[in-house]
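Copied from TrEMBL, the annotated features are:
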type	residues	note
DOMAIN	16-210	domain 'Poly(A) polymerase nucleotidyltransferase'
BINDING	Asp109, Asp111, Asp163	Mg(2+) 2 binding site
BINDING	Asp109, Asp111	Mg(2+) 1 binding site
DOMAIN	215-359	domain 'Poly(A) polymerase central'
DOMAIN	362-423	domain 'Poly(A) polymerase RNA-binding'
DOMAIN	427-500	domain 'Poly(A) polymerase RNA-binding'
COMPBIAS	536-549	compositional bias 'Low complexity'
Amino acid sequence: SPSTSRQQNQPQGHYGLTSPISLAPPSDKDHIHTQKLIEAMKPFGVFEDQEELYHRTTVLGKLNNFVREWISELAESKNLPPSITEQVGGKIFTFGSYRLGVHTKGSSDIDALCVAPSHVERSDFFQSFFEKLKNQEEVKNLRAIEDAYVPVIKFEFDGIEIDLVFAKLSLPTVSDDLDLRDDSCLKSLDIRCIRSLNGSRVTDEILRLVPNLENFRLTLRAVKLWAKRRGVYSNIMGFLGGVSWAMLVARICQLYPNALASTLVNKFFLIFSKWDWPKPVLLKRLEESFLNLPVWDPRVNPSDRYHVMPIITPAYPQQNSTYNVSVSTRAVMVEEFQRGLEVTDEILKGKSDWSKLFEPLNFFQKYKHYIVLTASAFTEEHHLNWIGLVESKIRVLVGNLERNEFITIAHVQPQSFPGNEVLYKESGYVSMWFLGLVFKKAESAVKTNVDLTHGIQSFTDTVYRQASALNILKEGMKIEATYVKRKQLHYFLPAGTLQKRKKQRVSDISQNNSGLQCKRSSLGESCSDVSKDTDSSTPSNSSSLSKISKLDISTAETERLFLISWPNSKSQVSPTEMEATVALRTSGPPTGCTIPGYNTVCQLRTCFVQGQHKLSGTLITDPKSASPKQHYSPTSK
């Protein structure tokens, strides 16, 4: 990043874009390291074979002809002149991983854009085109999502999953040589069409701005594989999606235009582990346009000033691709950048190999405190709709938890897990997500109470209201949140998932009298438990199943339902006197979101790890609430 004095001498809006840092040609050693990197990635299937590539190309050709045929038929039905009908055209553009050239083996989905001339309306796309698709034998699993931020039709075409978005241009015809990079194509379009066009325009602009496509693609394959293995690849969860990772890699390629992939991966971690966030990452200067569309600009838009990790798309209208990123998810990613730098430094010095970079994150050993978020529904169809909505809102929960004064990190694991057999019998189809929590170190000797009720209730209310607005709220749809300690995770997950990996070297860790400790990393937020934890696959004596109890309360008593209480690090309480509260609450829909037959009584189950803790002064033992030892996936049955 440039010096402060240089930034001050540059015009506003430049944001310190620099010339290449290094133009040195690659050495023989660089070639050897790059070949080793390729070999390390091969077992993960990041390279597609020629047969798959040919099949996808064939499918896209058929789909393109199919679109042109539909647009021509539509022109005839609207009584356009024959001279126009014969030339209306229409075209399919691709974007995302397929267009970037980094499609992986076995990953059959393709992001595509249908561009139509002016006589075609969006309603035609979701009605007549949808019906035409429905009548094709090659099309399976067809569904339309009209109310999405970018409306889309999803389907399988001859085994290839297609996400097709739509845009109509202010042109009577769409020619085969249409160039979407021309800003004039955006003239007189509604915002949904502009968003649809943006995917293709951004992808093409990225490819145009990188100095060497081969090196860019290989580096991007490595970075995407690393991000998925380390659990930081998910735009919807507040991490980064594919286009954001592509832009970060493209920026490194601009700074080191002659470097090979092995060097570029190392420089990627070097630059972004030290990046001065929230200074934005740009591939080119922000430009003005005669169209006057809203663009990302914190000098003009107050909301843009709150973006914590801005990565700005290079095509007009420039937007921040990472508005979902929160303080916690950014901290997690920066910590992973720092680990990546340490590992790649060792690799380039010959002290390690590339497989170490792609070791998966052991999320369930990383934290001492977790929240288990459970979404359930009675039928499989309802469950698919329900978990899609819940997943899209989990970042709201992360934001709510971040605002709690006692929480420094709320880290969500992007992968969801199926519920066990008992949950299936009680609630139907179940999916679970896990959030790791890091609490601030207490400063006084008194017991600390952390109340999470408001943040969790606000999240559940948001989900229920959205479901009600979309008319998908059905009887049996529930959200449950459970606070657990690491040693209790085996009640929710099979032993194989929780299996500890080989011990890694941990520095600067000390254990105090209370059995609680925190390790402060360079970010200041990482927590490890070095007390008397047993292997998570084995139930501990202090949290036996017989100690699980259940408490029924009315909705008027919900103020402090989600309360975590434990002695802080300075209190003189022995580990055997430690106690933790595990609260599992069934949150009903808020006022105005009622559904027939829904039980609005909140339920709370409290699991006592050590000692006894009375919540709201009442304790009711329920031996039937014992958690299962065997785990079960509804989909497998």
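Even glycines carry a Cβ here, placed using N, Cα and C.
For the binding-site residues given as Asp109, Asp163, the lowest number of other CB atoms within 10 Å of the residue's CB is seen at Asp109.
Spatially close to Asp111 (Mg(2+) 2 binding site) yet at least six residues away along the chain are Thr94, Phe95, Gly96, Ser97, Tyr98, Arg99, Asp163, Val165, Gly199, judged by Cβ distances under 8 angstroms.
Listed in chain order, the residues near the Mg(2+) 2 site other than Asp109, Asp111, Asp163 are Gly96, Tyr98, Ile110, Ala112, Lys154, Glu161, Ile162, Leu164, each with its Cβ within 8 Å of the site Cβ centroid. Computed over the domain 'Poly(A) polymerase nucleotidyltransferase' (16-210), the whole-number mean pLDDT of the model equals 91.
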